[in-house]
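What follows is one structure encoded as structure tokens, with my remarks underneath.
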């Protein structure tokens with residue numbers, strides 16, 4: 001009898017939780033769709049309220065992929081009144097050095113410099129690489145932008161327009177450029193659906209959710225927090241940089257344009273490893289992730305919501321689950337089209353296959369992240385500690 005009552009209590013609790021979860025997730029979908037539709041991918045025709053600030057672009061580079069030169073060249077062609085490009089390469093033998101020198105020679109009128117060697121201030125290789133450029137930056141606003149990002153001529157102006165009086169950081173929604181192959185489709189579906197839903201909904205509701213692929217920051221505020229070197233102890237420097245800026249009372253803004261990733265090397269295994277690495281970081285920085293992330297995925301939440309429908313309304317569980325998944329599938333397609341800002345480069349069938357595979361991978365990715373706290377990034381391996389710090393793993 002006690003066992004039966006316990007099951008009834010658990011069943012009722014799961015049903016109530018499923019109802020609450022359904023309301024939260026529907027709001028996240030709708031907030032994301034409304035925000036992207038109303039505020040993103042629109043040409044800025046307004047006159048800026050003040051003179052655009054000078055900006056120092058910090059560009060961390062390591063190695064050369066097939067798209068690197070084309071991506072990097074777009075930064076030399078920006079239409080912006082006053083900016084400098086600070087190219088940062090860690091290793092003296094890195095082939096990216098020759099590529100940088102070639103672009104410096106091709107664009108002699110662009111204020112650009114190359115820094116080689118880095119400066120070790122912590123375990124984060126990106127921070128170590130950027131330090132010489134950061135210390136040499138001439139302007140009060142710095143733009144840290146990853147090597148795989150591609151920009152339009154007006155991207156920097158778009159970022160600067162969002163840097164209003166009370167804003168301390170401007171970031172871009174991560175997305176991917178149109179590329180060939182199923183791995184590229186899978187990445188584009190992920191960044192335009194699951195990632196966009198969480199990222200945009202968090203920003204729109206006031207949560208600090210920043211990916212450091214493209215971030216415009218006030219240098220004086222970063223210096224108040226100890227400068228860039230203070231964040232070398234973290235692998236997820238973007239999270240702690242944004243937290244430090246928010247803790248000092250500054251607001252965040254999101255660019256109208258996406259942060260367009262265009263790496264020349266990509267595969268399903270690389271995508272999976274990347275998402276596992278991000279999940280590991282979130283688990284150690286924000287422990288609530290352990291509960292929140294699994295139940296925010298389509299299939300897990302679908303089981304809970306369909307149980308609620310059965311418990312309260314006697315609906316068939318299988319039918320309720322299938323209806324829920326189909327509705328999620330359609331809402332994700334709407335988000336993807338809005339983030340893309342135009343027609344997709346792949347068919348609806350490709351979308352359906354990529355969407356199903358991505359959703360099916362979600363639980364495996366989460367379990368893999370829980371299983372092993374060690375992160376492999378670039379050429380190093382790091383063991384994460386609770387709170388987000390890490391130590392380098394030295395193989396004997």
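Including glycine, each Cβ sits where the backbone N, Cα and C put it.
TrEMBL labels come from automatic prediction, so no person has curated them.
So that you can see what the record holds, here are the features copied from TrEMBL:
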- 12-38: transmembrane segment (TRANSMEM)
- 311-331: transmembrane segment (TRANSMEM)
- 351-371: transmembrane segment (TRANSMEM)
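Sequence-distant contacts of the transmembrane segment (311-331) (same chain, at least 6 residues past either end, Cβ-Cβ under 8 Å): 11-12, 14-15, 18-19, 29, 33, 298-299, 301-303, 305, 352, 355. Only residues 6 or more beyond the boundaries of the transmembrane segment (12-38), in the same chain, are considered here, and those with a CB under 8 A from a CB of the stretch are 173, 196-198, 200-201, 203-205, 295-296, 301, 304-309, 311-312, 328, 331, 334-335, 338-339.
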